[in-house]
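Features reported for this protein in TrEMBL:
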type: ACT_SITE; residues: E55; note: active site, proton acceptor
type: ACT_SITE; residues: K155; note: active site, proton donor
type: ACT_SITE; residues: C188; note: active site, nucleophile
type: DOMAIN; residues: 15-282; note: domain 'CN hydrolase'
Amino acid sequence: YVAAVYEHSPVLSPDPTALVDRRAALELMARNLDVLEQQVVAAAGQGAQIIVFPEDGIHGFNFTRRSIYPYLDLFLPAHSVEWNPCREPHLFNDTEVLQRLSCMALKNKIFLVANLGTKQPCEHVDPLCPSDGRYQFNTNVVFNADGVLVATYRKHNLYFEDAFDTPPEADYVLFDTPFAGKFGVFTCFDILFFEPAVSLVRQYNVKQVVYPTAWMNQLPLLSAVEFQQAFATAFNINILAANIHHPALGMTGSGVYTPDKSFIYHNMQSSSGKLIVAEIPVITPNHKTSLETNKILGENLYHSYSVFTSALMDDQVCYKEGQEVPCRVSQSGESSPPFYAEMMYDNFTFVPVQEDKGELKVCANTLCCYLRYQETVSTHELYALGVFDGLHTVHGTYYVQACALVKCGGLHFSSCGQEVTDATASMDFHLWANMSTPYVFPLLLTSGVTLDFADRMGWKNDHYFISKNRTSSGLLTAALYGRWYEKD
């Protein structure tokens, strides 16, 4: 099917905390909706059957609970109302944005996914009802090609959004299409949590996901395109991800992702938005996810792998070129002692990569991380193998098991973990770790924040591995990012 996502550079309120009336709010939003409409026309002209717009793309961000109020449309749960806002504009008040989006879908005969703020009155008999008598939700809406509202999803995992309420229970939202079957819906920060994202994909066997986001990139492990691809790969699904374009806030990175190919946009230089249109295969529900198949496939991969890991468990053993038998290592051949550096606000334990080829091991808590590598394009850049097994507590609280080969910011150990966007060293590598969670997201990022794809990955002897011969350009990050949801 042909899918489109638009990375939108929004028209923002100069002072989002200022109190304005509905008319002024609608005027600002109309300027963004005008841009979105042009993109719907362009996408439909290229044969797109569905288009996704970013989170916060219509109203902007950094509002207070009071200041966002004039920007909110009425919340109408799609499952409880059969409604075409374009054809029946007078059924409900305060639905001007919904009407406009519905008409875009109808006129261009395209499924349309957008994000807006909504309000829902509540009674004080409801113990969760906010004191001002209304819920305010960060909401995704989906319209079919006739302009009918077919899905509404309220964001569950809010990211410092004082203007919005967390819905009383998680929404599991699906909608049906004639061209690719069922799609699931969630938003931005949701991608890092079990509810509703993982539940939706696993429980409802969803194979295509629409994903509006307003994601601030954080290298080396959480840039938008890197994690969007990892999620698509781990669950063997297609993801249509639309991000905000705002380089000053580190926001860029959208794409149409399949488990083994992507059409992406990551640009910190340009100030304008970007439309991506791509034809991708439908993934059918009987496809296994890589979390499942790799348990089976992994058994047949790398016959030497088990020999190699058992050898590495004993620090005194090495491997010689073309030799099936391990050779003894002299004491001096041991890897450097570990050092500590902050990465992603977490205290990682690192060992440096100091030779052109070799084997390394580094552990923290119960997690041990192993690397066999050979630089194919050798440079004087410093790389390090890092491990973290613990609760991440900055900008959200969640339990991470990470095993990461990263390019350091400079030549000093203290620079490891810094955000780096360019690298020249290319390498073959085999990276593996004894993950305690089945939810492992394989990350592979190359110079210029571009994506590369592993040759193989999966489970083998209770270790998750990823391997690659010759990265397409300089290696920035090769990592296993495990989410141990039960320990959040």
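Heads up, the Cβ atoms here are built off N, Cα and C, so glycines get one too.
Note: TrEMBL annotation is automatic and uncurated.
Shown here: features listed in TrEMBL, placed on the structure.
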residue: E55; record: active site, proton acceptor; CB count, 10 Å: 27
residue: K155; record: active site, proton donor; CB count, 10 Å: 25
residue: C188; record: active site, nucleophile; CB count, 10 Å: 26
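Here the Cα atom of the residue listed as 'active site, nucleophile' is found 8 Å from that of the residue listed as 'active site, proton donor'.
In this structure the C-alpha atoms belonging to the residue listed as 'active site, proton acceptor' and K155 (active site, proton donor) are separated by 10 Å.
Each residue in the domain 'CN hydrolase' (15-282) has a pLDDT score, and their mean in this model is 98.
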